[in-house]
Amino acid sequence: MKFLMQSISGRNRSLVRALVSRRYFASSPEEIAKRNYANDLSEYNTAVNSVTAQRRHYLLRDVYDDMKLDGVQPTADIFHSFVVGTMKGARLSDAFFFREEMKAMGIAPDVNLYNFLISTCGKCKNGKEAIRVYDEMKRYDVKPNGQTFVCLLNACAVSGQLDLVYAIVRDMTAAGVGLNQFCYAGLITAHLNKQPRPDNLSTKILEFVEQSKGWSAIDSSRKSAEDVMFSISEEELYNIPTADYSHRTRFLQRNLTVYHVAFSALADLKDVKATEALLEMLKKDGKDTDTYCMLQIMRCYLHSQDFENGLKLFQDYMSADKIPAMELYTTLIEGAMTGYTDNGMKIAQDTLIQMNERNFFLDPRTGSNLLLKAAGEKTGGYTVANMIWDLMLARNILPTLAAVEAYYKGLKEREIPEDDPRLMLVTRTYNNLRLREGTLPNRR
């Protein structure tokens, strides 16, 4: 069979793809032929990196299928590229698939690949699976490094498994590995995600920030050459909340990692008093807030419905000749909608106008999130939701099904004629999205 497959080429190869590939059953041979990602190992490596960069992680298995059909023999390096792609896309089953394929070909996973697998477990909030990966490392005599322990600690922290987190800390101590800022960030995350949350959680968070000061200079997670090659920041590898901002040097001071995680946690807890205490600690350290810290402090005030202080922070930042960031506008808009008060919705409306005047535009994810929240307004004129819809429509941006559904239902709850142009457009968009995603009932 293998000989037969390899002997088929040219026009007939697209037919083989149609018969063999996992995802091509509904495609024509011509369409399938166009999906031939590459022809040799070097081109396939480029294709994998390109798919990952485009965040089309769901295509990685297709690329691999195509590679096998071309008879291209995978190497350890390209398997690493595949696993990094699944890590960035949080596709745990695909990550394990590539690991098993490696083993089947006699390629032994190394410590870096195991670190990527553990990180993927963390992204999928599966600490127990991360422990299984770590146990597999020990069975195969793969020596863990500092990154392994920090990946493992943060993977367990995301799912709030305090017992496992402290067991890892003990293992680190026994191995002579010091706790760095990412470890303390993980400890804060673990306590935040533990259910039920203790009453003194805010105090505990402040204690961890204080404790971290004596250890922040210890480097237990030196970046590997492989991390650099794949452009993986430590924040991304360890699933730190600032991962999406780690490459924005004017947005983020990377030496404030523990403060970033602490401010984010206190914002989740809506603890204004503890947030202000943490801000004083930061000032006593002789450091200033970066943009990420400002976002979390704003979020804490706004979600506590202290709109006055939240708005003041925003205005002070904008008048201080600092570089404006889109996230400042969207954080204020989202937070001001908390409780759907008249004052808050007016702030959200005014901020949307300012944002548009400053030529900041909503992207699909942010716009959908804001529309979803704005659509929850039960009273009032629905002005903010309508504005967000119009701003996205003006740039031909289609919101997610969840956002459109919420907006559609909100419009239907109001006394709007069935032939209203807005309602008709939203209804048509809603039905088209449901049809595309297979949730619209078949009317046969």
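A Cβ is built for glycine as well, from the same backbone N, Cα and C atoms used for every other residue.
The structure displayed is predicted, hence computed values, not measured ones.
The transit peptide feature in Swiss-Prot is assigned to 1-25; the stated evidence is experimental evidence. Summarising the annotation, Swiss-Prot assigns repeat 'PPR 1' to 40-74. Among the features that Swiss-Prot reports, repeat 'PPR 2' is placed at 75-109. Sequence annotations record features per position, and here Swiss-Prot assigns repeat 'PPR 3' to 110-144. Taken from Swiss-Prot, the feature repeat 'PPR 4' covers 145-179. Annotation comment: Swiss-Prot describes 255-289 as repeat 'PPR 5'. For 290-325, the entry in Swiss-Prot reads repeat 'PPR 6'.
When Cβ-Cβ distances below 8 Å are used as the criterion, the repeat 'PPR 3' (110-144) is approached by residues 76, 79-80, 83-84, 86-87, 90-92, 95-96, 99, 102, 151-152, 154-159, 161, 164, 175, 224, 226-227, 236-239 of the same chain, each at least six residues removed from its ends.
Tertiary neighbourhood of the repeat 'PPR 2' (75-109): same-chain residues 41, 44-45, 48-49, 51-52, 55, 57-58, 60-61, 63-64, 116-117, 119-121, 123-124, 126, 129, 140, 142, 226, 230, 232, 236, selected by CB-CB distance under 8 Å and a gap of 6+ residues from either end. Mapped onto DSSP classes, the repeat 'PPR 1' (40-74) shows 26 helix, 0 strand, 9 coil.
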